[in-house]
Every structure is written in C-alpha cells, then in structure tokens.
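In TrEMBL this protein carries:
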- 1-32: region 'Disordered' (REGION)
- 38-63: transmembrane segment (TRANSMEM)
- 75-95: transmembrane segment (TRANSMEM)
- 107-127: transmembrane segment (TRANSMEM)
- 139-157: transmembrane segment (TRANSMEM)
- 185-208: transmembrane segment (TRANSMEM)
- 228-248: transmembrane segment (TRANSMEM)
- 292-312: transmembrane segment (TRANSMEM)
- 332-356: transmembrane segment (TRANSMEM)
- 368-391: transmembrane segment (TRANSMEM)
- 406-427: transmembrane segment (TRANSMEM)
Amino acid sequence: MSVANPEPHRVSRSRQTNRPPSTRHHQQQSSRVPLRQLLRVTSIAGGIQFGWALQLSLLTPYVQELGIPHKWASIIWLCGPLSGLFVQPLVGVISDRCTSRFGRRRPFIVAGSLLIAISVLIIGHSADIGWWLGDRGGVRPRAIGAFVFGFWILDVANNMTQGPCRALLADLTGKDHRRTRVANAYFSLFMAIGNILGFATGSYNGWYKVFPFTVTSACNIDCANLKSAFYLDVVFMGITACISISAAQESPLDLPARSMLADEETPGQSNSEQEAFLWELFGTFRCFPSTVWIILVVTALNWIGWFPFLLFDTDWMGREIYGGKPNEGQNYNTGVRMGAFGLMFNSVILGVTSVLMEKLCSKWGAGFLWGLSNILMALCFLSMLVLSYVASHIGYMGHNLPPDSIVVIALVIFAVLGMPLAITYSVPYAMVSSRIESLGLGQGLSMGVLNLAIVLPQFGKYGSSPENAFSLASISSKSELLCAV
C-alpha cells in the first residue's frame, strides 16, 4: 500500500537542489537557444493546426451528411477530452523519462505525426470504405464506423503530438521566462498560419477539379473536396514535422539523470508503470501553489466557453445564419463554407496578435491581458446569441439567403475572436511553465496537467445543440479569478 508523502513541498525542494548536473547544464544553456531555432521547432504547430482547422470546420457537417443525427454529432467529439484526459498526461510522464538516443520528445512527435497522417486518410476515405463494405442508401453505418475509428485515432494522435511539442519548448527555454513567452507566441503564430491555410482550404469548393480521381460512386463533390483537403494536410504535416524535429537538438537522458529519476520514487510506490503515472500525476497536484490552481481554474472556465464555438462555428453559420440543414438544399453548405471563410479571418487576427504577444505582455502583464481577452470573448459570444435571435426574426429563413449585413456582422465576430483565442493558446502555457519550473517537475507532466484543465470541462457539453452550446453561465467569473494571479 502506497503512503502519501506528508511533506510534498520538501520533496519539490529536494528535486530542485538535487537535480542532475546534466539537467542543470541544459537549463543554463537553454537561454542561448537562437530565436531562429525556436521558430523552426514551433513550425510543427502549423501542420497540426492545419488538420485541426479542417477537422473543426468540415467534419461536424460531414458526419451529418453520412447520416448521423445532429444531436448525436457532438458525441463523436467525445474522444477529444477522453484522449486528452489520459493520453497527454501519460505521454508527458513517459517522455520525461524517455531514454531514446533521439531525445525525450522527438520520438513521440514523429509517432504522433505518422498517426495523424494515417487517421486523416481513413477519415477522407470513410465513404469509399463504407461503399466497399456494402453501404448503400442515405444512412451509411460502415462509413460511419470507419469515420469514427479514424476520427478517434486522429484525436489521440493530436494529443500525443501537442504535449511533447509544448514540453520541448519549455526544455529549450528553461528558466528564461521571456524566451518562454516568445516560444509560446511562436507556437501560437504557427497555429494561426495552420488555421489560415486549413480554413482557406476548407472554404474552397473546387478541390475535386484539382484531384478529379477523388470523386467516386460513394463520394460526391463535397466529400471529394474533403478528401482532397486531407491529402494536402498529409503533405503539409510531413514538411513541418521534418523541419521541427531536425531543428530540435535534443540530448538523450544520461545515466545520472536516469538514476536521479529512480531515486525520486517514493518507497511505497509500486513499480507498475500505470501506478507510477497516477502517483506522480496526483502527487503533482499537492505541490501546486495557489497561483497555479487559479490558472488551472481559469483555463477550465475558458474552455467551457471556447469548445462550443470551435465545435459548432461553421454549423452555426449554416443553420442559424443561412437557415439551412444538411442534405437539404445548398444553403447549409454555403453557410459552412462562409463559416470557414470567417475562421480564416479569425486566424489572421490570431497570427497578428501572436506576433505582438510579447510586447503586449511586457506592457500590461500576462494576467491582466488574459483577463481582458476573457471579457472580449464573452462579449463576442453574447453577440452571436443576439445575432441568431435577430436573424430568426427577419423573415428570410427558408426563402432567401441572409442579408449581407447579417453575414458581415457574423464574419466580424469570427475575426475579433482571433484576439482572445491567440492569448488562450499561449499565455496560460507560459504562465504555468514559469511557475512549474520552480517546483522541479518535468515539463511533459506539467503540460499534461494543464491539459486536464482544458478537457475536463468539455464532458458536460456533449449531446447539446448549437443553440444551447453558447451558454455564458460560467464566463462571468473568469476575470474576477484572474485578479488573484
């Protein structure tokens, strides 16, 4: 039976003072990492986010075209928080202890990138796979099965890749908090670039002409456009992964570091890998000061607001603004493409904000800037609710396309949301990384713990409709919590 250490803070201090010489030397050298190298290392965020952009803008409408009812569409996304709950913390712990000659983080980044490429090919060909297995008619259960399998593998692969990427940045920058903020801003910048390219790809409806072989008996023009977009995703992911892993100069975990990790195990702890993972994960919570807990709570509240938007954004545009339904006329598909176009503007603003992130944090402070972004996010979501109400009472639904003024307002809201989204993608990670460093905990585990604050609130939103998903009940407390950071 394992006995909890009654003095967790003493353990954390001992980890600081007894850290192996090679690790201390690495941290002393980390501040000398050139910005150009950090830029190359973070480029993989563009490849990951390219696929995420296609996933977020096209897959919710696509599953409904396969025959899944709208109210069940969000259930498929349950893999996101499930894989984030288990995969990222577990990968974080294992990568902290990885002794591969290729480094601690890069093997997981490579494996995750390969899984991403395989999974998007399965998703893109799900209709064809269902046809080969005997699907006919409106509802295609075999295609749905192939899609769900590929989709869940994609979520696992994304979580398997993103955690080590963030941890690698923290390894390279060490105790240089300014350089840590710059690295996370670069990461956010490449996420914006990936978003721009992904949403632009998703909004273009002529890819089937570039790749005419994608149109098959089971795959119509919309399906062929999706399939073609995922082909481009595989190419872009491969390029950015090669650039990133070639730029990251990782050293294998040496023998003194391995022995130090072994000495840090508590006497009553089981040798089982799973028990070691759970022990270290929950032991980490005991070491957190109040400021880290506040960051985790505010992050959880953030994602209660963000996730419905990221899940239903293009679907909201097709249904609430254009008044369409899947497989019933062209209004819905037109709205989905316009939503992807709006998300491209969102990504442009996200990229500009990421470039200015370091100056903004230096001038106003990271916590204050995060608080302002939460207020802006709440106002934008409230505007979406008001716009939905106005659009439903104008009288064009079911007869005509929406007025240009309604579409422009929706696009402006999408674009403005790029500012708080850029801050959400970078500031919490930099704040947690700088505060975790003093505890002597592994950065892979730390990023996994922050990811728990992101995924746990998402479980309460599945099965909801877009009309109910934009609830603002929990947003009002965010800025007040930030005052304590």
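Each residue, glycine too, has its Cβ placed from N, Cα and C.
Automated prediction, rather than curation, is the source of TrEMBL annotations.
Where the transmembrane segment (185-208) meets the stretches 38-63, 292-312, 368-391, the count of C-beta pairs under 8 angstroms peaks at 38-63. Sequence-distant contacts of the transmembrane segment (38-63) (same chain, six or more residues past either end, CB-CB distance under 8 Å): 73-74, 76-77, 109, 113, 116, 120, 123, 144, 147, 151, 154, 158, 161-162, 165, 168-169, 172-173, 179, 182-183, 186-195, 197-199, 201-203, 222-223, 226, 229-230, 232-233, 236-241, 243-248, 310-315, 318, 326, 332-333, 336, 339-340, 343, 347. Remote same-chain partners of the transmembrane segment (228-248), defined as residues 6 or more beyond its termini with a Cβ less than 8 Å from a stretch Cβ, comprise 37, 40-48, 50-51, 54, 58, 103, 105-106, 109-110, 113, 116-117, 120-121, 123-124, 165, 168, 172, 190, 194, 197-198, 201-202, 207-208, 210-211, 214. Beyond the ends of the transmembrane segment (107-127), by six or more residues, the same chain brings 44, 47-48, 51, 54, 59, 66, 91, 94-95, 98, 100, 135, 140, 143-144, 146-147, 149-151, 153-154, 156-158, 160-165, 168, 216, 218-219, 223, 226-227, 229-231, 233-234, 237-238, 241, 244-245 to within a C-beta distance below 8 angstroms of the stretch.
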